[in-house]
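Copied over from Swiss-Prot, here are the features:
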- Lys396: N6-acetyllysine (MOD_RES)
- 1-108: region 'Necessary for interaction with Ran' (REGION)
- 533-640: region 'Necessary for interaction with ILF3' (REGION)
- Ala441: site 'Pre-siRNA binding' (SITE)
- Arg448: site 'Pre-siRNA binding' (SITE)
- Arg718: site 'Pre-siRNA binding' (SITE)
- Gln1045: site 'Pre-siRNA binding' (SITE)
Amino acid sequence: MEMEQVNALCEELVKAVTVMMDPSSTQRYRLEALKFCEEFKEKCPICVPCGLKLAEKTQIAIVRHFGLQILEHVVKFRWNSMSRLEKVYLKNSVMELIANGTLRILEEENHIKDVLSRIVVEMIKREWPQHWPDMLMELDTLFRQGETQRELVMFILLRLAEDVVTFQTLPTQRRRDIQQTLTQNMERILNFLLNTLQENVNKYQQMKTDSSQEAEAQANCRVSVAALNTLAGYIDWVSLNHITAENCKLVETLCLLLNEQELQLGAAECLLIAVSRKGKLEDRKRLMILFGDVAMHYILSAAQTADGGGLVEKHYLFLKRLCQVLCALGNLLCALLALDANIQTPINFGMYLESFLAFTTHPSQFLRSSTHMTWGALFRHEVLSRDPALLAVIPKYLRASMTNLVKMGFPSKTDSPSCEYSRFDFDSDEDFNAFFNSSRAQHGEVVRCVCRLDPKTSFQMAAEWLKYQLSASIDTGPVNSCSTAGTGEGGFCSIFSPSYVQWEAMTFFLESVINQMFRTLDKEELPVSDGIELLQLVLNFEIKDPLVLSCVLTNVSALFPFVTYKPAFLPQVFSKLFSFVTFESVGESKAPRTRAVRNVRRHACSSINKMCRDYPDLVLPNFDMLYSHVKQLLSNELLLTQMEKCALMEALVLVSNQFKDYERQKLFLEELMAPVVNIWLSEEMCRALSDIDSFIAYVGADLKSCDPAVEDPCGLNRARMSFCVYSILGVMRRTSWPSDLEEAKAGGFVVGYTPSGNPIFRNPCTEQILRLLDNLLALVRTHNTLYTPEMLTKMAEPFTKALDIVESEKTAILGLPQPLLEFNDHPVYRTTLERMQRFFGILYENCYHILGKAGPSMQQDFYTVEDLASQLLGSAFVNLNNIPDFRLRSMLRVFVKPLVLFCPSEHYETLISPILGPLFTYLHMRLSQKWHVINQRSILCGEDEIAEDNPESQEMLEEQLVRMLTREAMDLIMACCVSKKTADHTAAPTADGDDEEMMATEVAPSSVVELTDLGKCLMKHEDVCTALLITAFNSLTWKDTLSCQRATTQLCWPLLKQVMSGTLLADAVTWLFTSVLKGLQMHGQHDGCMASLVHLAFQIYEALRPRYLEIRAVMEQIPEINKESLDQFDCKLLNPSLQKAADKRRKDHFKRLIAGCIGKPLGEQFRKEVHIKNLPWLFKKPKPMLETEVLDSEEGGLATIFEP
């Protein structure tokens, strides 16, 4: 009767599986079939016989696979409820299936083999070794039955190692039992694997040349591949003694297989894992056999053979692995020589370097890049860096670097052998470009290491390359009329042009070498005359190509340190740089400047600035010449852009700091700022800055024309406003008093001392800046008011979007790839709207930068300005409701944070508290509303739809901006309230990267975080205190893991601890504790967040439970909480007389209590849990038994259910 039922059910199941797998089935039928199959697996009592019948080899593959899936489901989810006989029957049936129910090795489907091995491993995980002691013997018996069974045994051993050791997918006790039993049998297992490999390889090599035995040869090859894969799964964790046993027999076998095409990749994988292992010095020392003649011969010949037949994907993949093996060998050698002085450099070290250099000169950019780290380790190594073989390879390495630094090999191009390899490694030119830039940065570090060892050779080669480029004719490459090809204007170079890529590479090389050479050589050894000669050649070089000119400018900067030894050269250098400041590529044409031209001019200004910053003493004797140059350029209002003017003014200010005379510098700054003061304080400007309608008209935002070709009537007005703001910021940023206290005193910069004895300085620019402050605050107030809807309507149609975020910022915020090409031949601004957008954006940023710099720059002179708090509240904090998130974020970062951090404590009450109280309250209200909208949107639309369908959607941008504003607000609160620690784990960059990545490592909550004096001051004010607490604890429930992590570890507890001594309302305590539990629900899936939140909840409960019974009521609402366990926890907590358990045990107990509210990753939320029972302890030492207990014991040992 049962067989009839089985047959009938199997027929139904076959039909259902056929419907599921038939592409022509409708969705409805497919879902019904799936439901039937799932219900069968969950509920049917005769799953095992049905599964076995469906798994017979007479069935088609999809039916067999489903039958085996049924058996796997039974083992995973029903095993604990099965009787001993049922388990034995199922185990024997599966082993019989493997022995006689499989096809020949080349015919059997891989997915059938995979599921068969999974079933056996699932049974092993539940019963071995206690209840299945003969498992290894049974596998050995199976192994002898044929090639398919051999391969399956390999799969079983590999999967067992992966589940137990690599992925650890079973309970701790079971994992420990199985791993210890594996370790006990490891010699036997590895010998078995190695013998299997050798036997099958020998058979394969004998048969592969005989066409009549091709099938048998392939079968042996399959088993060999499986044996290599299984070895790879064990080599990673077994004792190194096993790997190096019998004079490294395993390693020797793997080296031999490097020349066997079908097996070389697996052999290289195993070698790589073995050589990369960490372990005892004595054990790792034996792996030095790989530097022997035989091993080196096999590695070299394998590399040559694989590379000989052109680009074949399989061979290329092998080359990558082999390159990694050589890298690991180099790292092994470095480690061993550093640890043991008795170890000698291998005789074949030179041969190793030659083979490694071959990978460095390979056309593949990926292979070249893979060698950088190891070269760096070799060149930095204390012992190897002095080795003659390594020193001899330096010229060859530098020569290779000169080729490798050239950016060639774009996947879309065909101008280099690298291109073909890049098409395998990169999806697009943008991917390649990002990879190359990162790789070149690493390469530069290695070049600097080489220069440290042999500066003269490095400089000589850099000099030769520079001379060659100066004498070579310009090759712009093939002309392409398509603008996206990146061809330059008027026949100039593009970023792909042969000449430009050579110039760019040479410049990078020269810069790396010279910077390091000046650090390495003594003054007497520096090749000053050669350096000056090179600088003279560069200064005499004439060219009009903007891209090449940028490289020339970098070379001037790189060679400039030589001028410190020949100061007479300085005027000549400045003369050249000033000629670049006014560079035009098309003569006196009034056409808009291109990006390439703008970049050259900015680069020149930046170079002058850098020289004045780094070598002010050198420039000071030539100050008058520099000043007259700059005054001449500034006299023509249209000659330079406002940024260029400001950069040159900054250069003058930097040199003026060397006056070290307060009065002299103050007079100079008055003279320098006179044009700015005249414009800024003029009646016309005052009216424009203080009246919104006048401002709109003054900047031209009410004009309807937006054609860039039409003359811009208000362009000069905007330029003047920008010039003033740029100049105020530049002067304030660059003016400083002497760093030496005695010099500062002598120069009149010190005006007194604080009560603690610190000197009080005065800044020479203070008077000038304070004169301009009122109008600056008026501009800030006016700019903020622009965002009101009624003011936006006063703007002409194209300019209503002028206050929006620019496209480039959107792209950066969304993390979208930047376009590879900057269109150098395009105008800087294509429309007046784009120009106006940039004007408003830079003006807004610079105003807040000025207010942010005012505190640290002018110190007490700024903080004692009359009614400063009310002036700032009436300007910078006006109309915040309409200010967009990206602007508010910028304001918090560049203005509010430095204003607070540099404020003397005596001004906390009068300045900081009146500003921060309303600000924190407002920020909490704004962020709560924003996150509520985002959470509602997620519920209504589904997260995936928002995040994946259209990453450029407005919703995605808004959410990311809210996230960034949240982080900035939390950062500000922490800067105000929390004392900085020496080891600050949140010192991650404020760049908004992937949250998951930041949460990858568990962060232990810190116990040394304390409130600052400012934090204590703020907490005295009830409104500020409430805003801080609510914001900190609310942030735990916002969907931003980084903000949650920071608040949990650094903010919540110190703030709460400050108010716990007072009287907290019960409702407030309930809300605070609930917020933490909600945070766990939201962020529990991230290990780092979860650990911190559990710790915080534990701290709060332990501290407040004795005083507030209400907190117990919150605990009782947690899903699946164990009330008895909670009673036990409370009993120990509330009864001081009971001995307290260790902190970790109490915390673990608490974590188990609140487990019901800890959020899980989406992938685990609906997954059926697998329960594996622990078996009797296998390796635990039993307690000594009394004689009477021994006599009374009925069982003499462990029961074994899988006895034959």
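A Cβ is built for glycine as well, from the same backbone N, Cα and C atoms used for every other residue.
Under DSSP, residues within the region 'Necessary for interaction with ILF3' (533-640) fall into helix, strand and coil as 83 helix, 1 strand, 24 coil. The shortest Cα-Cα distance between Arg448 (site 'Pre-siRNA binding') and any of the recorded positions Lys396, Ala441, Arg718, Gln1045 is the one to Ala441. Cα spacing between Ala441 (site 'Pre-siRNA binding') and Lys396 (N6-acetyllysine): 20 Å, rounded to the nearest whole number. Sequence-distant contacts of Lys396 (N6-acetyllysine), defined as residues of its own chain at least six apart whose C-beta falls under 8 angstroms from its C-beta, comprise Leu357. Remark: secondary structure over the region 'Necessary for interaction with Ran' (1-108) totals 82 helix, 0 strand, 26 coil, with classes taken from DSSP. For the pair Arg718 (site 'Pre-siRNA binding') and Gln1045 (site 'Pre-siRNA binding'), the C-alpha distance works out to 44 angstrom.
In the predicted structure, the region 'Necessary for interaction with ILF3' (533-640) carries a mean pLDDT of 91. Taken residue by residue with DSSP, Gln1045 (site 'Pre-siRNA binding') is part of a helix. The number of other Cβ atoms within 10 Å of the Cβ belonging to Ala441 (site 'Pre-siRNA binding'), over all protein chains shown, comes to 11.
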